[in-house]
Amino acid sequence: MSKKEVAIYTDGACSGNPGAGGWAAIILFQDYRKDIYGREENTTNNKMELTAVINGLKVLKFSCNINLYTDSLYVKHGITEWINKWKMNGWKTSNKKSVKNMELWKELDNVASQHEIDWKWVKAHSGDKYNEEADSLARKAIIDA
C-alpha cells in the first residue's frame, strides 16, 4: 500500500519576542482538512514555528509522504541542513555552543523521521492561501487565552 500524500502548512507568531506566542498547522489530505493551533506564554517566534511543525506532524497516524510548507527559514534550514551537523557535534553549533531550542529540534527530528517530507519554504504574507490562514490561526491563538 502506498503512503498517503499530505500537505501541511505551519506558522508561528509572537506578541513580543519573547512574549505570548501562538502556533498553527493546517493539515490537508484529499478533501479532508484539520486545523490545529495553540498558545504559550513567554516564548519566542522560533519556538512557535518549531512547535507548529511538530504538532502538525504528530496529528498523522501513519507514515506519509508530506509536502510541508513553512515561512520560517530557521525551520527549513535547521531540519534540512544544520541538524545532521548538530547531531554529529553532540548538539553543538560550529561555535561550540549548545543548539538553541535543542529539545524542540530533537522532538522534530524524531517525529519527522517517521515520514518522507519535502520541506518547502513559502514567503510570508505573499498571498499563499494556506500560509495566510495558518498565520491568522497562530495570531488568533495568541489572543484567545
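Glycine is treated like the rest: Cβ placed from N, Cα and C.
What you see is a predicted model, and the numbers here were worked out from it, not measured in a lab.
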Report the candidate from Glu40, Glu49, Glu81 that shares the Mg(2+) 1 site with Asp11, Asp71, as recorded in Swiss-Prot.
Glu49
So, by DSSP, how many helix, strand and coil residues make up the domain 'RNase H type-1' (2-143)?
56 helix, 51 strand, 35 coil
Say we define neighbours as other CB atoms within 10 Å of the CB. Which of the binding-site residues Asp11, Glu49, Asp135 has the fewest?
Asp135
